[in-house]
Amino acid sequence: MTHTPDQTKDTRPNTRKVHIKTYGCQMNVYDSERMMESLTGLGFEVSAEAEGADLVILNTCHIREKASDKVYSELGRLREAQTRKAETGGRMMLAVAGCVAQAEGDEILNRAPQVDLVFGPQTYHRLPEMLAKAEREAGAQQVETDFPAEDKFDHLPQDRAVDGVTAFLTIQEGCDKFCTFCVVPYTRGSEQSRPVAAILNEARNLTAKGVREVTLLGQNVNAYHGIGPDGREWGLGRLVRALADIDGLARIRYTTSHPRDMDDDLIRAHAEVPALMPYLHLPVQSGSDRILAAMNRKHTADDFRRIVDKLRDGRPDLALSSDFITGFPGETDQDFADTLKLVREVGFAASFSFKYSARPGTPASGMVDAVPDAVKSDRLQALQQLLDAQQEAFNLSCIGKRLPILIEKPGRHPGQMVGRSPYLQPVHVDGSADLVGHVHEADIESLQSYSLFGTLVSNRDSTERACA
Ligand code: 5AD
Ligand code: SF4
């Protein structure tokens with residue numbers, strides 16, 4: 001028997017396919033997973049590629065110019081896939097989600113009229129409803145970029161599918177810091193923290209499904225101030241301690257932090273909670289006080305140094321990663337030299353560095369005294385050279401140490417397993433698949449590009465130890 005496309009849709013709803021392409025930060029990865037869960041609940045199957053899918057969602061990033069340019073080129077490419085789908089009698093709905101959707105709204109439809117849905121990060125819970133409307137009314141484009149008053153977190157699916165032994169867990173959204181270069185306060189809205197009970201509940205559910213490590217997510221995660229079961233606001237340090245009490249949860253991480261929100265309780269948690277990994281992503285952006293002030297960072301280079309010193313006093317094996325911007329408007333050679341000086345003094349195990357790009361609507365985009373692109377590039381190259389050398393030196397310093405490894409999955413070769421060190425380095429060891437989900441100590445023997453190789457020292461679950 002043959003089906004017309006319409007009959008197929010009506011009688012076999014389970015065969016619809018969705019492809020989600022995710023750009024940008026871990027928050028977007030998390031959001032895409034949640035969208036996928038609500039769509040599989042509607043009978044969609046995940047498709048690894050856009051070709052032939054009934055729904056393609058681009059979950060976009062607007063943080064830097066290049067990130068949003070990529071979205072428009074992908075939309076151009078998808079036009080052809082849409083045409084091929086239409087030629088077979090089908091329809092490929094196209095949705096743009098995430099921060100480009102939030103920032104550009106209707107403008108996306110002007111530039112890419114084949115898009116059906118545009119929706120910002122605050123409206124994901126309305127996806128099933130928007131989709132039903134788009135399916136009913138082909139050609140009726142919808143743009144949803146409100147910041148609704150209702151609590152977005154209430155709509156997260158309660159029962160998460162779990163893939164592997166590590167998981168992200170959103171605890172906070174949005175940012176009130178308004179760094180002058182940054183679009184996040186405009187695309188993600190103001191800070192909101194999830195209540196403690198909801199987070200502990202989700203963490204317990206994840207742990208029951210085999211998760212051993214959670215990474216707490218938020219655009220400004222250490223500004224966390226959720227309501228606790230006692231009716232008072234809890235900070236991140238207190239939340240971390242409560243999470244560490246969950247049986248089976250071996251490792252806790254959090255990202256991304258702001259130096260201003262590294263309060264003493266959180267710093268103490270680094271010294272006192274073994275499950276809190278000694279690896280912290282703490283963006284500094286610049287080492288020049290003049291530039292930090294123009295960026296509205298509200299901290300100085302010395303504030304940053306002091307925070308690092310306090311963290312290392314309590315946890316000497318703590319390693320840091322950071323974000324840097326070169327060529328912010330008005331940045332002089334001296335300002336840049338101050339950045340290099342800070343990098344040399346602090347020492348970073350890994351880092352992300354970017355050329356400044358003006359983002360529409362941000363205060364810095366109106367600043368005069370732009371730095372020529374060639375200068376931005378030269379500075380970026382010099383900074384990256386230094387940061388790469390520090391990363392390599394850090395990785396090499398792990399050789400000869402005994403590190404606890406959370407075994408995650410089989411490696412590329414038979415009999416090999418891959419896990420992560422406390423510092424997120426991949427570590428390859430010989431071992432069997434039943435080790436997955438266990439923390440084992442390994443003697444680190446060599447480094448190949450960014451991966452460590454070592455030998456397991458025991459078959460017992462180890463307690464996390466410092467790698468001094
Ligand atoms: N130009 C360059 N880099 C930027 N970032 C954010 N906005 C911009 C911009 N306009 C960088 C910051 C931030 C990271 C996520 O992206 O370093 O910490
Ligand atoms: Fe953007 Fe981070 Fe500054 Fe917030 S704290 S405005 S997210 S750079």
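Note that Cβ sites are derived from N, Cα and C of the backbone, with glycine treated the same way.
TrEMBL annotations: computationally assigned, not manually curated.
Sequence-distant neighbours of Cys25 ([4Fe-4S] cluster 1 binding site) (same chain, 6+ apart, CB under 8 A from its CB) are Cys61, Ile63, Thr256. Summarising the annotation, TrEMBL assigns [4Fe-4S] cluster 1 binding site to Cys25, Cys61, Cys99.
According to TrEMBL, the [4Fe-4S] cluster 2 binding site annotation covers Cys175, Cys179, Cys182. Taken residue by residue with DSSP, Cys175 ([4Fe-4S] cluster 2 binding site) is part of neither helix nor strand, so it is coil. Around the Cβ of Cys175 ([4Fe-4S] cluster 2 binding site), a 10 Å sphere holds 22 further Cβ atoms from the protein chains shown.
Taken from TrEMBL, the feature domain 'MTTase N-terminal' covers 16-136.
What TrEMBL lists as domain 'Radical SAM core' is 161-393.
TrEMBL lists 396-458 with the feature domain 'TRAM'. Averaged over the domain 'TRAM' (396-458), the predicted model has a pLDDT of 95.
Summary for the binding-site residues Cys61, Cys99, Cys179: the Cβ-based neighbour count within 10 Å is maximal at Cys99. DSSP classifies Cys99 ([4Fe-4S] cluster 1 binding site) as helix under the three-state reduction.
Counting only residues at least six positions away in the same chain, the Cβ atoms of Ile63, Cys175, Arg359, Thr362 sit under 8 Å from the Cβ of Cys182 ([4Fe-4S] cluster 2 binding site). Only Cys179, of the binding-site residues Cys25, Cys61, Cys99, Cys179, place a Cβ under 6 Å from an atom of ligand 2. With a cut-off of 6 Å between Cβ and the nearest atom of ligand 1, the binding-site residues Cys61, Cys99, Cys175, Cys179, Cys182 reduce to Cys182.
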